[in-house]
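Per Swiss-Prot, the features are as follows:
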- 1-167: region 'N-terminal' (REGION)
- 168-393: region 'Catalytic' (REGION)
- 195, 196, 197, 198, 289, 290, 291, 292, 331: ATP binding site (BINDING)
- 195, 197, 293: sulfate binding site (BINDING)
- 196: active site (ACT_SITE)
- 197: active site (ACT_SITE)
- 198: active site (ACT_SITE)
- 201: site 'Transition state stabilizer' (SITE)
- 204: site 'Transition state stabilizer' (SITE)
- 328: site 'Induces change in substrate recognition on ATP binding' (SITE)
- 394-511: region 'Required for oligomerization' (REGION)
């Protein structure tokens, strides 16, 4: 088992356990400055406090930040590729001076740690975007950097009170110290870690088992359950999948643990970061995938990263990382032999192969299409179908646009009456909302349960509009409407017909 990065596992929870009560009292005092941690900061601080980000013991000061951005190293020369920063707004930054102590809270209620400030600085975000994320403004991390993150960073050391509170899967959330003890108790000194933010299927099981056998090692399934790429499948669905698929491994070869990481999708730099984290968790080997941690393509169809950039950068640091890199070897299904094999060992001009892309899988889930057993296990498909029901079982919402001149009440009643005659498999409701933005979540709950909503009035403030949310469709005369009317005073019967045909075309009704 490799030593932690930097030589010492920086478990701040264990280090500060004896002064926890003292720190708790300080955090709850009325005269201490308080910062409520953002979702990304909560992920980052958990991995600082539990040692997953060893050798870090706090958020980066300006010297360390600048060195990481430009040279992929901390100021002392230690390899570190991603800046871990506490971003705040200008108003909060103006309250801070060196040596200020700040209580860091989760959800404004749970004290997590106290930060002793070393410095407050305004980063050059343009340089950070270019050096760390290669500068494409469409990169999700660059969008976050300029549109979400605060304009000032606070550097300083942390004293731990407790880890962020999670109410799901407590038995699967092993800290680095706990996972290292688990490996020791099992006498696993060689462990291949597998990083994923997606559901796993038979090909993933095959490639991880092959990697373990080639390395004479065991397998750590170590999925990210913090922040991933926008649009990814939710972690609850994925964890249920992982819990099922791990049963398909040979007995005693695999272990599942969840990683509360906020991914940056920064490709090659992130792959090095992932390797460091897995070393801290006790893994001796790490599978680096094709286009590892890349966000795919931009709107022009150009890849943000090359397919092998990550593998090449991690390999270039292998002597410093002290963890063996296992290149991801894509496997494909051979239907004539009913087995999987590495695609680089197959002559595809002579051997028939089958594969289902992620896009095709999502399409089949959406329309209720067949997902063959050679691709995924039945229990995995069942979980995915429960979380991604086909369109006839999904809910929807029809928002009546502001330009309509027909009676909204009568149109709503006409739509409701028409929908009800199609059968009782879906709940319908006319939803008058009275400009209450907090009802947005309620609308999504109705849609998520497979119901059909009719919303006679939009919110006046566009930022609070439901239009544009998943399965929410605007009925209006505007060119941006999902269901476009030729005129504001079309007869109600014509409008109802257009709505029904639209919903049928999009799979909500099957006649």
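Cβ coordinates are placed from backbone N, Cα and C, and glycine is handled just like the others.
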Largest inter-residue Cα distance among 195, 197, 293 [record-listed sulfate binders, Å]: 9
For residue 331 (ATP binding site), the one of 196, 198, 201, 204, 293 that lies nearest, given that the recorded positions are compared by Cα: 204
Rounded distance in angstrom between the Cα atoms of residue 204 (site 'Transition state stabilizer') and residue 293 (sulfate binding site): 16
Nonlocal residues around residue 198 (active site), in sequence order (Cβ under 8 Å, 6 or more apart): 232, 233, 238, 358
Inter-residue C-alpha distance, residue 195 (ATP binding site) and residue 293 (sulfate binding site) (nearest angstrom): 9
From 291, 293, 328, the recorded positions whose CA lies within 10 Å of that of residue 196 (active site): 293
Distance [Cα-Cα, Å, rounded] between residue 291 (ATP binding site) and residue 328 (site 'Induces change in substrate recognition on ATP binding'): 10
Number of Cβ atoms other than its own within 10 Å, given for residue 204 (site 'Transition state stabilizer'): 19
Cβ contacts of residue 289 (ATP binding site) (under 8 Å, same chain, 6 or more positions away): 195, 310, 328
For the region 'Required for oligomerization' (394-511), the number of residues DSSP places in helix, strand and coil: 42 helix, 19 strand, 57 coil
Residues that sit under 8 angstroms from residue 201 (site 'Transition state stabilizer') by C-beta distance, when 6+ apart in the chain: 245, 375, 376, 377, 380
Chain-internal residues, separated by at least six, CB under 8 A from residue 197 (ATP binding site): 223, 224, 228, 229, 232, 238, 263
